[in-house]
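This report concerns only the one structure given below.
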Amino acid sequence: MNLHEYQAKDLLESYGLKVQKGIVAHNPNEAAQAFDQLGGKFAVVKAQVHAGGRGKAGGVKVVKSSQEAREVAESLIGKNLVTFQTDAEGQPVNSVGVFEDVYPVTRELYLGAVVDRSSRKVTFMASTEGGVDIEEVAHNSPEKILKVEVDPLVGLQPFQAREVAFKLGLEGKQINDFVKTMLGAYKAFIECDFALFEINPLAVRENGEIVCVDGKINLDSNALYRHPKLLALRDKSQENAKELKASEHELNYVALEGNIGCMVNGAGLAMATMDIIQLYGGKPANFLDVGGGATKERVIEAFKLILDDENVKAVLINIFGGIVRCDMIAEAIIEAVKEVNVTVPVVVRLEGNNAEKGAKILADSGLKLIPADGLADAADKVVKSLG
């Protein structure tokens, strides 16, 4: 689950980090009032969406008066912002953040952290190249990114943060401020179950103060039950409607741009299914994992979800029965096909627990389902069914 910038800054501030002060505004008048409240000569109006690249897309503007703040807010709120991280429709802007002007600054740094699956540790990253796309820095100048793996038994130690500060070229009071920032960020990361955290840029002001000018936080969705207050910050308007509906039925769904709908049990098998569809010349319309313990109700909802996509011209169902029984899946498929009134070809591959029984149920149903013998045969048949 992603947080908006203003939410991320509020959370980080509660852990002792110095952040760029700001006020969220849901309409142009509130934006104008926020400018006056901040009391500076300048302010920055930022569209609050769950996407990066806002500045390049026109979602970040410097304003010099309350009237300008009102005008910029009016141009953003109620519109969709399209950035390099969104699809063609963009993300809806329901609010803007009006933030204090912290510039000029002497330096812009980068600080971030992720759960590194290879090392199985929280890994911090820091760079002197703040204020730009960190992906470009990682690609073009990987040596400019410092990495610190944190031992989960002892946590981030002050000496590790100081070492990073020295390597970033900080000095004097800046070092202590950076250490406090990094330690506070780690504490927030662990206590709030972050999956990803970024401050870009982390600015060094002329007075030596270190301030978080931006904030990006992604929370581990599997841990949200432990954080009801954070869950209350969820903005469903920023989520894909189909993915949101899928999550309500405990389905793992990601919309893609192809025309072959996929229903699979198990993430690994789902990825392999998408790969082989591509190999045979097709394009998957989605990633959909119904889970290892799929129920009949969940399979029916998955079918509806796939066919809600107007781009889907064929469906491939690939089930390997382990915990889930193939005969139960077959019954759910029949029920779903009848309920949804399917008009596109449906290829079904069943293997494993009660696969033969499931295949017989499908064959005796009288429905025009296309059976497949093996994954390659399934991919070949679903691609050919498109004509």
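Yeah, the Cβs are placed from backbone N, Cα and C, and that goes for glycine too.
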Can you pick which of Lys46, Lys64 Swiss-Prot lists for the same ATP site as Gly53, Arg54, Gly55, Glu100, Tyr103, Glu108?
-> Lys46
Listed co-binder of substrate (same site as Gly322, Ile323, Val324, source Swiss-Prot) among Asn252, Asn259, Asn265, Asn286 | Asn265
Its Cβ having more other Cβ atoms within 10 Å than any other among the binding-site residues Ile323, Val324, the winner is Val324
Summarise the model's confidence over the domain 'ATP-grasp' (9-245) as a mean pLDDT value.
-> 93
Whole-Å Cα distance, Asn200 (Mg(2+) binding site) to Ile323 (substrate binding site), is 45
Neighbourhood of Arg54 (ATP binding site), C-beta criterion under 8 angstroms, separation at least six = Lys46, Ala47, Val60, Leu81, Thr83
Hey, of Gly53, Gly55, Glu100, Tyr103, Glu108, Asp214, which of those binding-site residues are within 10 Å of Asn265 (substrate binding site), Cα to Cα?
-> none
Where the record says Asn265, Gly322, Ile323, Val324 bind substrate, what is the longest distance in Å from one Cα to another among those residues?
-> 10
Max CA-CA distance, Å, over listed ATP-binding residues Lys46, Gly53, Arg54, Gly55, Glu100, Tyr103, Glu108 | 20
